[in-house]
Structure formats: C-alpha cells, structure tokens
C-alpha cells in the first residue's frame, strides 16, 4: 500500500513500524517539544504532498497532534485505538507496538481536518447518551472514538472533534447504538 502523504510520527521506532506496514515517508517529531524546524518541515510537506498525523493514543500523542494541527491547518488524521497500540507483555503504549494490519486499517480511515461547522449533534445529545458525566462515560467515549475512527477525547473535546471531522448525526447514532448494545451484552 503506497501512501502519497507524508506521515508524521513521534519517533524512529514508529517510522520503522510504519515502513513495515506501508510504503510511505515519515517526519519524526522526536517528542512533544516540537522544534520550529520540524514544524517548518511539516508545513512544507503539507503544501507539497499532504500530511497524515499518526501519533500514539496517549496524552503526549494528543498534545503533539494538537500542536501540529494548530501550526499546520488542513492535516489529515489517522487514529490508532489504544487496545491496538499496547505491547503483548510490556508496559507502554504506542504506534511501534501496533500490528501491520492495525496500521494499515487506521491509514485507510483517515479524517481530514476541516473548519468546524455547526453540528446537529448537540451537547445535550452527548449528555443524554451518557458520554459526558456518569460512571461509564469514559469507556463509552473511547469505544465511540474507535468506531467512528476519530480517537479518544475527553468530554469537553468530544463535540469539537465530531464537528471538526464533520461526523454526521446518523453515523454518530449508529456508532452509539453499537456501543450501547455491546454494553448490554457484557
């Protein structure tokens, strides 16, 4: 599988794993304190070939994603679910631990960042669905993010991410229905 865009990852182990999965070029941020010259590289890549951000599904990875998104508008985003980024017998989480199939799958389901449009998914919808506040909210948001391929967000950021990736209410409701059915079957 050949990827036209340049994939932004956190480090060289991530690059090695990406190259096992797909034919692609990468830019490494080397941590969450991203140097200006790396941002400049990403800007140039965005202008010439496009950029896909694929960071670890953890707090530092989300911080890197946000930093790049703010500095370089219009990037595409690929999200790797947490459970697919865990090593088999060690601690930690990251792209470098994901299977080749998982990496390919998340790169086939990229979302393009767009100007946030008013959404027909309201904050009340999120509260009513038990995605904000309540004992199961975090688990529900995590599973919803996996199903919609938008990654995990906290309650405050969920509506913004749904708007940014222009998730349709019908897709949201379908994914939410799946989350609720899975919850009942546990």
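Just so you know, the numbers here start at 1 and follow the chain as drawn.
Including glycine, each Cβ sits where the backbone N, Cα and C put it.
What Swiss-Prot says about this protein:
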DOMAIN    4-94  domain 'Toprim'
BINDING   10, 56  Mg(2+) 1 binding site
BINDING   56, 58  Mg(2+) 2 binding site
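Here residue 10 (Mg(2+) 1 binding site) comes close to 28, 29, 30, 31, 55, 56, 60, 61, 64, 94, 95: these same-chain residues lie at least six apart in sequence, with C-beta atoms under 8 angstroms from its C-beta.
Most buried of the binding-site residues 56, 58, judged by other Cβ atoms within 10 Å, is 56. In the domain 'Toprim' (4-94), helix, strand and coil residues by DSSP number 39 helix, 13 strand, 39 coil. As a whole-number mean, the pLDDT of the domain 'Toprim' (4-94) in this prediction is 93.
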